[in-house]
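S.K.: From TrEMBL, here are the annotated features:
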type	residues	note
BINDING	Asn28, Leu30, Gly55, Glu76, Asp103, Asn121	S-adenosyl-L-methionine binding site
DOMAIN	35-208	domain 'Ribosomal RNA adenine methylase transferase N-terminal'
Amino acid sequence: MSLHLGLPPLRETIAAHGLSAKKSLGQNFLLDPNLLQKIARIPGAIDGQLAYEVGPGPGGLTRALLAEGAAVVAVERDDRCLPALEELADAAPEGRLTLIAGDALEVREAEVASGAHVVANLPYNIGTLLLTRWLEADWQPWWSSLTLMFQKEVAQRIVAEPGTSAYGRLSVLAQWRTLPRIALRLPAAAFVPPPKVDSAVVHIVPGAMPEGVNPATLSRLTAAAFGQRRKMLRASLKGLSGALDAVAACGIKPERRPETLEVAEFVAVAREIDR
Ligand code: SAM
């Protein structure tokens with residue numbers, strides 16, 4: 001299917017519907033069809049599969065997902081974009097684009113997008129919140145994969161390795177049952193209007209759920225450990241019941257600082273706390 005689906009180029013759609021970008025909604029649009037196609041292909045072959053998009057805006061990424069053969073459920077909060085998106089729904093094969101007008105934070109994704117590949121150029125102000133929610137979902141999660149745009153610095157935190165300054169709570173949350181990777185880096189100039197910082201697309205596929213670990217315990221553990229990043233575990237974990245005994249039982253020295261612990265060590269300590 002052509003990227004344009006017989007529709008005018010995106011710039012014309014944006015002009016025709018007066019879709020000037022609103023900063024308050026985190027609107028930085030992608031207009032280059034080649035770049036959009038590259039992003040739509042990051043999850044792999046999605047022909048005949050379901051994609052879930054947050055914030056389609058004028059519909060550039062939506063067009064690319066439809067062109068790859070996916071059925072798309074898209075949720076957009078800015079009503080100004082809906083006429084352009086409805087045009088796109090009419091141009092696409094019957095029933096292939098389902099629009100939800102509203103706030104992505106209110107959507108029950110498991111009901112409307114079960115099994116979907118999530119592909120989104122996320123509004124930066126809710127990107128980390130949505131990612132955290134999707135990573136904390138019941139496992140196996142409702143989504144098949146996540147392909148998400150972030151500010152470069154957030155993308156680096158998601159994939160960071162121990163011993164680096166970017167390594168922290170988000171790295172452990174992202175990595176303990178998935179293997180995230182940076183799939184594409186984009187300069188600020190790729191967007192209209194350009195944001196202040198560069199961006200990167202992160203790709204995440206769910207992995208196995210480690211046995212015997214309560215996600216809430218792991219969350220409390222990383223909150224305590226990284227809440228006082230400069231302190232040794234001995235000090236930062238003092239207030240978390242059973243944590244220091246668990247650290248000792250795992251053979252981890254309490255003089256270590258949180259950023260030196262591998263993800264697997266956090267997982268082992270969390271498991272031990274609940275044993
Ligand atoms: N997907 C388009 C693209 O790549 O050009 C637009 C991306 S723009 C960075 C983010 C989009 O998310 C905007 O269209 C904005 O209106 C929408 N948005 C912002 N907050 C939202 C929310 N809470 N729920 C749904 N959409 C939201």
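Placed from the backbone N, Cα and C atoms, the Cβ positions cover glycine too.
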S.K.: Grab the S-adenosyl-L-methionine binding residues from the record (Asn28, Leu30, Gly55, Glu76, Asp103, Asn121) and give me their largest CA-CA distance in Å.
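M.R.: So the maximum pairwise Cα distance among the S-adenosyl-L-methionine binders is 21 Å.
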S.K.: Let me know how many other Cβ atoms fall within 10 Å of the Cβ of Glu76 (S-adenosyl-L-methionine binding site).
M.R.: 25
S.K.: Mind checking which of Asn28, Leu30, Gly55, Asp103 has the fewest other CB atoms within 10 A of its CB? They're the binding-site residues.
M.R.: Asp103
S.K.: Would you mind listing, in sequence order, the residues at least six apart from Asn121 (S-adenosyl-L-methionine binding site) in the same chain with a Cβ closer than 8 Å to its Cβ?
M.R.: Asn28, Leu30, Ile39, Gly55, Gly57, Leu61, Met149
S.K.: Restricting to the domain 'Ribosomal RNA adenine methylase transferase N-terminal' (35-208), what is the model's mean pLDDT?
M.R.: 97
